[in-house]
Structure formats: structure tokens, C-alpha cells
Ligand SMILES: *Cc1c(COP(=O)(O)O)cnc(C)c1O
């Protein structure tokens, strides 16, 4: 039996045909028709004005910060319960991070966000809020607080493509949003990202910075420095094929979640919630056991059966790289980290594999 992975790639079927077309045109690079098509299909799906395909989600977060006009030493607020990539760009731009804990939604606590703004040594420039595991953060409250304070909102929707908050695609509610097409995400180009925004000028700036900040002249002219962050046409072709099946992937991920929930309904476990007026993509099915460290026993047992699972993200304020960073925390994400698990949630996982996972959980949890 093949190993069961957490969230492996799942091609829709047309990707190879599109890649072939790219090769036949010899236009494997730079950029090209399929990158444009990919950007358009994300724009249409997300109902957003502008989209910029990039070579990673991290690059999208970086260019969101840059294009919004971040400066050395600016204060940037961020969810502490997230993956490091959310906040790596804060280091690239020599900013000062303030890490904010989650609430019962598992995502950023609006209450602690207010507290963090009050504690900040100066007015924060931006907030990077993560939609963890594809589930929406409390965007109405978060946007209102940030709007009142003049703080820019960047949504890290890297895990959340296909998720919605009140009919708005996650990533399109703030000033800018970052999507990821890394290998384990809900859809993948093997590696890639996208910056989305309703602010066309912002995306224009980001597009310029993503192509070495080259001025639009015949010769190569540079008034500032830029980055080489663009996506290749070959990967754009994969993206076009993957966007065709995004709805299907979301439906399947949500179905996988429901199956786990039903199967484990007799155990005292808590699944990650879905806040009112939202519909997440359930990228990964995640849950909390009652007992501290119970997840470690389960992860080990699953691994013995050749099934991949993982602890929840280790909060950023516990990471050595953030030692000394101001954090506004109340123990919530630390508690989640001490007893939570990510279950295998591939969009091609079989019912039989879900049953096997559940049996192993049941036999290891009292
Ligand atoms: C995957 C991920 C990213 C980064 O995306 P890459 O495309 O891998 O650079 C950022 N934030 C979160 C929360 C992620 O899960």
C-alpha cells in the first residue's frame, strides 16, 4: 500500500495538454500566454480587479508589503498561529513584528489585535492576518479595527484559496492578499503564488518590482532595485488546469472533513471551527485532542501505518527566530499546539484510508 500523505498534488487532467501547448509554442519562458490565462482565471474566481502570478506565496506577501510602501523599522502586526512564510517578509524589510494570538476561531483574535495596537511602540503600518488551514479569520471585526487605525491589511490566504467570507473570496477583503500554489496546497503548480488586490495600482507596482524593477524603456534602466519573482509559462499552464478543478477540490476537502467528523463523533475531540458567514476550503482537517501530547502518540501510530500527519503550526512567538519580539498572547495557540493534529486530507484520499486513520486514532485515544 502506498504511503498516505497530508495533502499531495492532484492534477485535474488538462495540465499536461496545456504544458504541451506551451512547449509547441517554444514560449516556455519568459512569462507568456498561460501566465496571463492563469491570472485571469484567479481574477474571475476571486472576483478581484487584479492578480499577479509569482513564483511563491512568500513572494506575494513580500511584494504586498513593498507595494503598500513599507519602510525600515515599521511595525508589522501578524498572527502568531501560522507558518513562518507569513512573516519572513517582515525580516526582509527590516520591520519590527508584533505577534498576536488566536481566539476560539483558531485565527487572529480581534480583542488581542486592539491590545497589540495599544501596546505598539508606534502606529503599526500593516497587519498580516492568516486564514489558517483554509478557514476564514473574523474579517469584519479585523477590518474595522484596522480601518479605524489606518493600518493596511494583508491577508495570508496561502492555504485558503476557494474559501469565502460573506461571498468574498479569502484574500480579497483587505488591501492585498497572497495565495500559494506550493506542492501541498489545495491546488498546485509545483511551486508558485499569486498576489491579488482590488487596487490595480498596487498590483502594477508589484508587477514592476517582480521583474527586476525595469523601467519601460528600450534599454535596461533602473531607478530602484527589484526582484526576480515571476512565474514561468510552464507553471502557468499547470495553474490553468488546476483552476478548472478548484471547485471540485474544495468540495472534496469539505467532504473529507465531514467524514472525519462523523467517524470520530464519539470521541471528545474538537475540530477547527468555521466562523459564521464563512465557508472555508478545509484545506487540512485539523482537530484538538483533550489530553496534552495525545497528538504525538497518534502521529507516531499513524506513521507506523505509513500515514502522514502533523502537529499544528508551532506558534511564531515560540520560535527562536522571534526571541525578544513583542507578542500579545494569552496561551490559546500554545494550548492548540500542545494537543492538535493535522490529518491526511488529500483531495484524492479514499474512504478506506479515512477509515484506517480513524481506527488508529480511536485505538490510541481513550
Ligand atoms: C504555504 C504558505 C505560505 C507560503 O507559500 P509558498 O508558496 O510556499 O511561499 C505562506 N503562508 C502560509 C500560511 C502557508 O501555509
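Heads up, the Cβ atoms here are built off N, Cα and C, so glycines get one too.
The active site, proton acceptor annotation in TrEMBL covers 185. All chains included, 25 other C-beta atoms sit within 10 angstroms of the C-beta of residue 185 (active site, proton acceptor).
According to DSSP, residue 185 (active site, proton acceptor) is assigned to coil rather than to any helix or strand. Under the heading N6-(pyridoxal phosphate)lysine, TrEMBL lists 185.
The annotation coiled coil is assigned in TrEMBL to 243-270. Proximity of distant same-chain residues to the coiled coil (243-270), defined by a Cβ-Cβ separation under 8 Å and at least 6 residues beyond the stretch ends, is recorded for 10, 12-14, 38, 41-42, 45, 134, 161-163, 186-187, 281-283, 285, 287-290, 343, 345-349, 351, 354-355, 357-358, 361-362, 365.
Mean model confidence for the coiled coil (243-270) is a pLDDT of 97.
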